[in-house]
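Below: one structure, written as structure tokens.
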Amino acid sequence: MANKKRSASSSRWLQEHFSDKYVQQAKKKGFRSRAWFKLEEIQQSDNIFKPGMTVVDLGAAPGGWSQYVVQQLGNKGRIIACDLLPMDPIVGVDFLQGDFRDELVLKALLDRVGDNKVQVVMSDMAPNMSGTPAVDIPRSMYLVELALDMCRDVLAPGGSFIVKVFQGEGFDEYLGQIRSLFTKVKVRKPDASRSRSREVYIVATGRKL
């Protein structure tokens with residue numbers, strides 16, 4: 001019965017995925033994922049990315065966010081990206097493949113950032129979902145806590161943080177942590193985010209000194 005349930009759920013997800021207008025548009029326009037449209041909407045609302053910035057992209061593969069941001073930064077901008085999964089090269093993106101939770105990978109990522117602070121940290125990280133919120137939410141919260149730690153390490157005063165978070169236990173406390181570190185915090189649900197998904201995007205600007 002469980003296998004049949006999973007099979008039905010998987011079939012429904014595939015049907016929804018391939019009929020999704022954002023998936024179709026991404027494929028038609030040569031974008032790497034529908035996440036491109038989520039970040040475009042955030043940029044239109046919050047004007048985060050500007051030419052010449054340095055940006056850290058966590059959970060970068062397959063590259064939809066990096067692909068969008070590299071267009072906003074111009075030739076003098078820089079993106080340092082990391083993901084457990086491989087990602088095809090993008091001009092202007094320094095990609096590190098590895099598990100962000102691993103201390104050696106984190107050190108390698110910090111080495112690539114160097115001594116200069118960055119203007120934006122963005123995270124689209126998510127755990128492998130089991131379909132059980134009691135399991136998935138804590139795993140997700142662990143990842144977003146690590147992303148916030150990255151902000152504390154490398155984000156310049158006045159910098160911005162964009163992070164995907166799944167609503168559930170721990171969300172309000174996490175939002176409170178972000179509000180203590182930034183002057184302006186918004187919770188966004190882009191049109192390209194599926195309505196039945198728990199995911200939202202916290203957009204925080206003006207990192208406090």
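Quick reminder: no glycine exception, Cβ is built from N, Cα and C everywhere.
Fair warning: this is a prediction, and the values are worked out from it, not measured in the lab.
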For the S-adenosyl-L-methionine site that Swiss-Prot describes with Gly63, Trp65, Asp83, Asp124, which of these is also annotated: Asp46, Asp99, Asp102, Asp111?
Asp99
Between Asp124 (S-adenosyl-L-methionine binding site) and Lys164 (active site, proton acceptor), the C-alpha gap once rounded to whole angstrom:
5
How many Å lie between the Cα of Lys164 (active site, proton acceptor) and the Cα of Asp99 (S-adenosyl-L-methionine binding site)?
18
Measure from the Cβ of Lys164 (active site, proton acceptor) and count the other Cβ atoms within 10 Å, all protein chains considered.
23
Where among the binding-site residues Asp83, Asp99, Asp124 do you find the Cβ with the fewest other Cβ atoms within 10 Å?
Asp99
CB neighbours of Gly63 (S-adenosyl-L-methionine binding site) within 10 A?
24
